[in-house]
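Student: So Swiss-Prot has the following annotated:
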- GLY105, VAL106, VAL107, GLY108, ASP109, THR129, THR130, LYS142, LYS151, THR169, LEU170, LYS171, THR172: NAD(+) binding site (BINDING)
- GLU184, HIS245, HIS262: Zn(2+) binding site (BINDING)
Amino acid sequence: MKLTVTLPTHSYDLTIETGALDKIGTWVRSLWQPQRVAIITDETVNKLYGAAVEKELQAAGFETSLIAVAAGEQSKSLEIAQLLYDFLAEQQLTRSDGLIALGGGVVGDLAGFVASTYMRGIHFLQVPTTLLAQVDSSIGGKTAVNTKKAKNLVGTFAQPDGVLIDPNTLKTLEPRRVREGIAEIVKSAAIADVELWHRLSSLENEQDLVAHAEEIITACCKIKRDVVEEDELDLGLRLILNFGHTIGHALENTAGYGVIAHGEGVSLGMIQITQVAEQQGLSPLGTTQELVTMLEKFHLPVTTDRWSEERLYQAITHDKKTRGGQIKIIVLEKIGQAKIVSLPTEEIRAFLNREGGI
């Protein structure tokens, strides 16, 4: 399956095909002429796919170099970005060369950020190997690194030249990482596609979903593609993709990156915001329970111990959706349809101080 993301200044294809990674050299050759290519990956993915990917690229005529960062959210930092700049300079990469992000969401965000800022921008490709990256973060051009203050605080919008998605990589993904991606799939269905919601309802468990991965990934990519085409720079409609993310990011930040995985934070965030939206008449009664039923089926968290209200408040009010003392909150009008509401930041405290906590 091939989907095209059509934007005013730059369009590119999403290739979704089981076994596509085995033909990565041919795919890259169809987009770029032989040149230097740097691969940024993490240590886990490198052990699984690094050598094979380099071999395929070299067979297609590319001169390759590879660097593997530590796996995990801690690598998504300005310090690691600096190391990558130095690596690219040592490899003498120029603006006529290219970079490939091979890995999950952390690698994609980090490598995209580095590509968009090294020499004021070089060409790059996304090759996501986790379910979360395949259905969400590899598409749309958002790149970022974290700081101690907030997740994704420093970043750019930079579109890749292409995205290659091979569902076979899910076979080597640990169950927790599969569930992370499922949280984003549930989010996508909840905000924009009731038919996908019904399809997810028909699946028995995570294994059943992975067995139908190409179909499910394609449906999510269509949602992301359609939203990004209408709002590339996150000024309006694209904000709906952040359903569950404001509180989710805050939970990740206050717990310490990696303690709560991104998908787990999104799962908790979707439940919390929908509980409040129901109380305020913004979402129909029963919407939270529909989410709980779906998320629990895939063994995603729906409750957690109360975190420090003040730390959560500070993290949320540093969220990039906060402007002029107002924060944009995404709520469900119904399953399959989301809307954006603006709230004064001080009202966020009411969200965090509900009886029973998050």
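Glycine is no exception: its Cβ is also placed from the backbone N, Cα and C atoms.
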Student: Cα distance, HIS262 (Zn(2+) binding site) to VAL107 (NAD(+) binding site), nearest Å?
Tutor: 14
Student: List only the single closest residue to GLY105 (NAD(+) binding site), chosen from the binding-site residues GLU184, HIS245, HIS262 by CA-CA distance.
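Tutor: Going through GLU184, HIS245, HIS262 one by one, the closest to GLY105 (NAD(+) binding site) is HIS262.
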Student: Which of the binding-site residues GLU184, HIS245, HIS262 has its Cα closest in space to the Cα of LEU170 (NAD(+) binding site)?
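Tutor: Its closest listed neighbour, by Cα, is GLU184.
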Student: Taking the Cβ of THR130 (NAD(+) binding site) as the centre, count every other Cβ atom within 10 Å, in any protein chain shown.
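Tutor: Result for THR130 (NAD(+) binding site): 27 other Cβ atoms within 10 Å.
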Student: Expressed to the nearest Å, what is the distance separating GLU184 (Zn(2+) binding site) and THR130 (NAD(+) binding site) at their Cα atoms?
Tutor: 12
Student: Restricting the comparison to the binding-site residues ASP109, THR130, LYS151, THR172, which residue's C-alpha is spatially nearest the C-alpha of HIS245 (Zn(2+) binding site)?
Tutor: LYS151
Student: Look up THR130 (NAD(+) binding site) in the DSSP assignment and reduce it to helix, strand or coil.
Tutor: coil
Student: Roughly how many Å separate the Cα of THR172 (NAD(+) binding site) from that of HIS262 (Zn(2+) binding site), to the nearest whole number?
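Tutor: Taking the Cα atoms only, THR172 (NAD(+) binding site) lies 19 Å from HIS262 (Zn(2+) binding site).
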Student: Where does LYS151 (NAD(+) binding site) sit by DSSP, helix, strand or coil?
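Tutor: The residue in question, LYS151 (NAD(+) binding site), is coil (DSSP, three-state).
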Student: Quick check: with GLU184, HIS245, HIS262 left out, which same-chain residues have Cβ atoms within 8 Å of the centroid of the Zn(2+) site Cβ atoms?
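Tutor: Going along the sequence, the neighbours appear as LEU132, ASP136, GLU180, ALA183, LYS187, GLY244, GLY248, GLY263, GLY265, VAL266.
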